[in-house]
Amino acid sequence: MIKDNEASRPGLYDVYHDTEGKNIIVLQGLSIENPQTEPPLQQFIHTHYRVFEVGYWGLLFVVSLVVITKCIAVPLYNKFK
Amino acid sequence: MFSKEIAQNKILQWAFGSLLLSYYITFSGYFYSGTMTQSAYDSFRTVCRPWFQSCEQWILLEQLPYGYSQPTLYMLFFGLMLWVVYLIYKKEWREAQLSLIPLFAWHFFTTFFGTDLLLGNYDYYIIIFAIVLLFLPHKEFFLKLGLVLFYVLSTVSKISPAWIEGGYFTAMYTGLPFFPDWSIPLFTNLVIVAEMVLAWFLLSPNKFLQRTALVFFAAFHFYSSILVGYHYPTIVFAMILVMFGPWYRYTAPPFDTKSLPGWGLIILLILAQLSPKFIEGDEKLTMEGNKNGLYMFEANHQCISQAVVYGKNGETENIDMVSESARRRCDPYRDWFRLTRLCAAMSDINRISFTFDHSLNGGPFYRIVDTNNICALTYKAIGHNDWIHTENEAEIVGYPVKNHYR
């Protein structure tokens, strides 16, 4: 990591360049000693994120459908039939 | 006001007490806040809600050391709370309901129209509890359904990398309290599933399922309070215990004409929670519509805002800010509000250039605003503002290190 003194703003944030040349921005009060690392499970989910996202929307839809059918539609049908 | 329901129902009587406690803890915070005062507006510290951008015209209060109208008002409210306690003691429920209306009205005004700076998720809970307990019939059912729906609706904002990948917590120095980083996605996904599915069993006539759900959510509230503190569980968990605790009994859904306002309120809640999904871009990044529904722990935010004020005399001045914690929501609207007010108040300002960089859950900083003159821009409360760039349009300017929760 090489600190970029020109891009840094003392008292606000510091800018470092990593080995790939990416800008690492360290806000005031934070520390470069703790670079971001993703645990393996998080990496796996990150790779398959779309599957999880669609799965959760599907689950929410199915649960809503079951609740509406069982708790609203069926009692309403029984009431008015 | 359907006072008889409360008079004949011990559960509702305790719920009423819980609501009163919620107002006490909320107004305790308001008492010391200086964000809804004339001096706050004069010093560009206040921010109005996006749909009521002229709120300053309604600000009549002043806080010490500049005045004492605000503490006086809150002491009047404190007296009213004591009066309500006395009415509860006398079991005069209709009078107690009527006496609580000024507290409801002031809290409702503050939440939706007074300021953008005092709002928390728990304010939405209080408003729904109050509407049901003060105005609607079938109070017990709609309080129970409302509580369960809050869990379920909160998952709409949790279907995101913050919770599915656990990014909210892995992007913090302190991670998730007591648990190693590798296990974070297990717990965040457990919470999503529990709030989406298990929460419904709080309403179940099956005692085992109902109690299992209650124990899970009790543990969840105690654990999460390590981070969020007393305020949220006092408002929410007290009501959970009253409605789903030892006195729990199954309440069948009502379908008479009197139940229509209650069902209308439930539909309104669902629509409000889904509304940000109809606005272009990720609402957690642009923050457009993010607070229309529940937004608890929706993303771990880091941001940098940099403004350069150009005077008509050729001088410049920098106004820079960085976020100090994951909880600060990093809403460019707030900077827009303050800077445009500054332009309007200072005739010697020529223009203000402004950039806003926003990172979510340890991801890249996106430059979501980059303008030569923010004073020339307007902010639409409903829909997308073209000057706020979405994740597809914004340039990446850097990457953050880990963040703090507070």
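Start at 1 and count along the chain as shown; that gives each residue its number.
Note: Cβ is positioned from N, Cα and C throughout, glycine not excepted.
Features as listed in TrEMBL:
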TRANSMEM  B:12-32  transmembrane segment
TRANSMEM  B:72-89  transmembrane segment
TRANSMEM  B:96-115  transmembrane segment
TRANSMEM  B:121-138  transmembrane segment
TRANSMEM  B:145-164  transmembrane segment
TRANSMEM  B:184-203  transmembrane segment
TRANSMEM  B:215-248  transmembrane segment
TRANSMEM  B:260-279  transmembrane segment
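With a cut-off of 8 Å on Cβ pairs spaced 6 or more residues apart, the transmembrane segment (B:145-164) and the transmembrane segment (B:260-279) reach 3 or more such pairs and are scored as touching.
Listed stretches B:12-32, B:72-89, B:121-138, B:184-203, B:215-248 were compared with the transmembrane segment (B:260-279); the greatest number of C-beta pairs under 8 angstroms is found for B:121-138. Among B:12-32, B:72-89, B:121-138, B:184-203, B:12-32 has the largest number of CB pairs under 8 A with the transmembrane segment (B:215-248). The stretches the transmembrane segment (B:72-89) and the transmembrane segment (B:184-203) are not in mutual contact, being linked by fewer than three Cβ pairs under 8 Å (pairs 6 or more apart in sequence).
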